[in-house]
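Feature annotations, reproduced from TrEMBL:
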type	residues	note
TRANSMEM	57-74	transmembrane segment
TRANSMEM	103-123	transmembrane segment
TRANSMEM	171-192	transmembrane segment
TRANSMEM	198-223	transmembrane segment
DOMAIN	274-302	domain '4Fe-4S ferredoxin-type'
TRANSMEM	351-370	transmembrane segment
Amino acid sequence: MKNAMAEVSVTDKIDVKNIPVDVQLHTPGKTPPGRYSSRDRIYVRAMKGMHQAIRRYMGFFFMGLFMLLPWLRYNGEQAILLNIAEQKFSIYALTLWPQDFTILAWIFIIAAYGLFFVTTFYGRVWCGYLCPQSVWTFIFMWFEEKIQGSRNQRMKLDQQPWSFSKFSKKFLTHLCWVGFALLTALVFVGYFTPIDQLFLNFFTLQSGFWATLAVLFFTFCTYGNAGWMREIMCTHMCPYARFQSAMFDKDTFTVAYDKRRGETRGPRSRKDTAYKEKGLGDCIDCNLCVHVCPTGIDIRNGLQYECINCGACIDACDDTMEKMGYPKGLISYTTESRLQGKGAHILRPKLLGYFTVLVIVCLAFVYTLYSRQPLEFDILRDRGALFRDTSEGWVENTYTLRLINKSQQQQTFVFSVSGLDEVRWIGPTELTVAGGETASLPISLAADPWELTQPISDITFTVRVEGQPDIEVSQTNRFFSRR
């Protein structure tokens, strides 16, 4: 054994490596690297281009939907109203109750897997084009640019000492921010309470405490997130940026810089056609891709979790390439495989897996929605006594039939019971319930004790919708007697 160990130690070569040891001195008051520290303000330069036009149109379209939807009417009522106080969500002809939680669960599952599928295929396009944080931030930056000027003008304005001109521009900017944040908050709260009454009562100082508190809270959140925090929400608070790496692969389309074509960077004149002979790439190191980035990163440093795939750097670089007479696409939506000179694999196991699960949950959602009954039926027994004797010597059981009309139209429901040969129904057999309302019907069942063969008999209550015989709901209960 010792000879074998000696032989191994003599014949095998051990690689010698230099292990650097960095000694870092702690300076009091200095934030260690890797932790969050206050950032320099990012002055985003406005950019025009194809991707920014798409982003603006999509952002304004969905923001317009957000602002418009709560004002739409259906059958004289607010078309979309998520009434938490009454525990019902009305979405046009569909009314969801707490018993319909599975439908809401399927909606969230579909949204999650839809996001996973899109992210695996095309990166964080949700963040750059449709995320409310990004859309509202771009709107706030639009106010800032229109009032305070371009990127260079805003930087110069912040460096100037306070004056009436600077104060008026800052005040007007923040006034627009607060106004738009208040409008956003009112519309958002209007999804949960009648919006026409909310606007009227809020501006006449007649709204309730909780409604006022909700509006002021969401106004503060919108103003703070879109006006002050901005990219901090994307880089430090949003979990989506952190777990995106689990969905990315070499064939995911992301905003990327072509190093093989762009390096080595360096300035040159437009007339310089021999720049490649000097060892220069197509990147002229103008830094416009950094100036237009809403999160302030340099995409030339590779894929970074702060990138939201908004495409601003693509438009800036394409504009520069066009002015220089170079081919576009130095920065583009591409894959790691393509940057390495390989072909892209669109149909791959991970993407197909997400798509398959997405189709399955969509089918499950459609089935759950289609098989949903427009009523909810419960039976409550009399807790005071299991049974009692009538003056005729019959055995009587008392029940309360509780029914929820999940539709938005008034319906008449017809009740019946089965399971006993001889049973007398005491009370009305029909109940009319308004749309979206709950009603209770107390009734009694009486049976001849000599016809009962056991002390406990199973019975079945059935409720049908008048005029719609295909809609039927049954509930099983028990009938108690002496035997």
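Including glycine, each Cβ sits where the backbone N, Cα and C put it.
Caution: TrEMBL annotation is automatic and unverified by curators.
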Residue numbers, six or more beyond the limits of the transmembrane segment (198-223), whose CB comes under 8 Å of its CB atoms: 136, 177-178, 180-182, 184-186, 188-190, 192
Distant-in-sequence neighbours of the transmembrane segment (171-192), which means Cβ under 8 A and at least six residues beyond its ends: 66-67, 69-70, 80-84, 136, 139-140, 143-144, 147-148, 198-199, 202, 211, 214-223, 226-227
Same-chain residues at least 6 beyond the ends of the transmembrane segment (351-370) whose Cβ lies under 8 Å from its Cβ atoms: 102-103, 106-107, 109-110, 113-114, 116-117, 120-121
Tally of DSSP helical, extended and coil residues in the domain '4Fe-4S ferredoxin-type' (274-302): 10 helix, 0 strand, 19 coil
Distal contacts, the transmembrane segment (57-74) - CB-CB under 8 A, six or more residues away: 80-81, 92-93, 129-130, 134-135, 138-139, 183, 187, 190-191, 195-196
